[in-house]
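The structure appears right after this line, and notes come after that.
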């Protein structure tokens, strides 16, 4: 009797089990990001229009991505229940689209970080922020290339044919993150050195830690995806990690946005007829009355406090710093 050679297939746990776990974690992070969106619009209804519209667009696309992943898992685990070979050989549009959308959302968040760096960096340098935009533009180009490659894959068994594009894509977004995080910390450190208030310096130090932790978290996640793809090339473990890629970027950005306290400053500036300060770096006197603009040593706009009922009491007027 002649025996047919058997095809070694990965287990259900290494394929759709990993995708299922990744989708659960992604759904939890989606709930967190939704809460952060609500907090953002309650705290900053008058924020810069680019940020406001971007948050709406990010949330809408993130919701669409969750719907796509739910459709894909329903097809694989329910509609094709018990047919592992059929699942792996199927060419499902929703799986491809959600993977592509995940990549674009990550780059979109990097673009928003680049804008924030430009708004902060223009007070110190005008050339350095250009390197950030160049890195993000490179990430965008590799994302488009990756999207094309994903949609040329016939099925999940042929994921290995896009190995080159995956390496290029994750290398570029890793490089962009490694440029954004140190540069943001650098500008925060320069702002901290140029302030004369201890409360301001403490707030800037906390913001530096937030930027560093959130930036390193996204870098580590991208690195884990590549490692999972290299170590288990015949499984879908890397896809499970990829499900939460955009969620980590969006939550880190929203956490940065919601760490600000600019509404009180903008309202007071509007009542006084003074132009509101940029949302990149703002220092707000809580119980002070100001009527003119001034700059510090670094050239960052500050409110000049010129009139008090008796005298200026710094201990009664702590400053809030926002980056």
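Backbone N, Cα and C atoms are what each Cβ position is placed from, and that goes for glycine too.
As given in TrEMBL:
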| type | residues | note |
| --- | --- | --- |
| DOMAIN | 175-261 | domain 'DUF6534' |
| TRANSMEM | 20-41 | transmembrane segment |
| TRANSMEM | 53-77 | transmembrane segment |
| TRANSMEM | 97-115 | transmembrane segment |
| TRANSMEM | 127-148 | transmembrane segment |
| TRANSMEM | 168-189 | transmembrane segment |
| TRANSMEM | 210-231 | transmembrane segment |
| TRANSMEM | 237-257 | transmembrane segment |
(request) Give residue numbers and ranges for long-range contacts of the transmembrane segment (210-231): same chain, 6 or more residues beyond its ends, CB-CB under 8 A. (result) 106, 163, 166-167, 170, 173-174, 177-178, 180-181, 184-185, 188, 237-238, 241-242, 244-245, 248-249, 252, 255-256, 259, 323
(request) Please work out which recorded stretch in 20-41, 53-77, 97-115 has the most C-beta pairs separated by under 8 angstroms from the transmembrane segment (237-257)? (result) 20-41
(message) Return the average pLDDT for the domain 'DUF6534' (175-261) as a whole number.
(response) 79
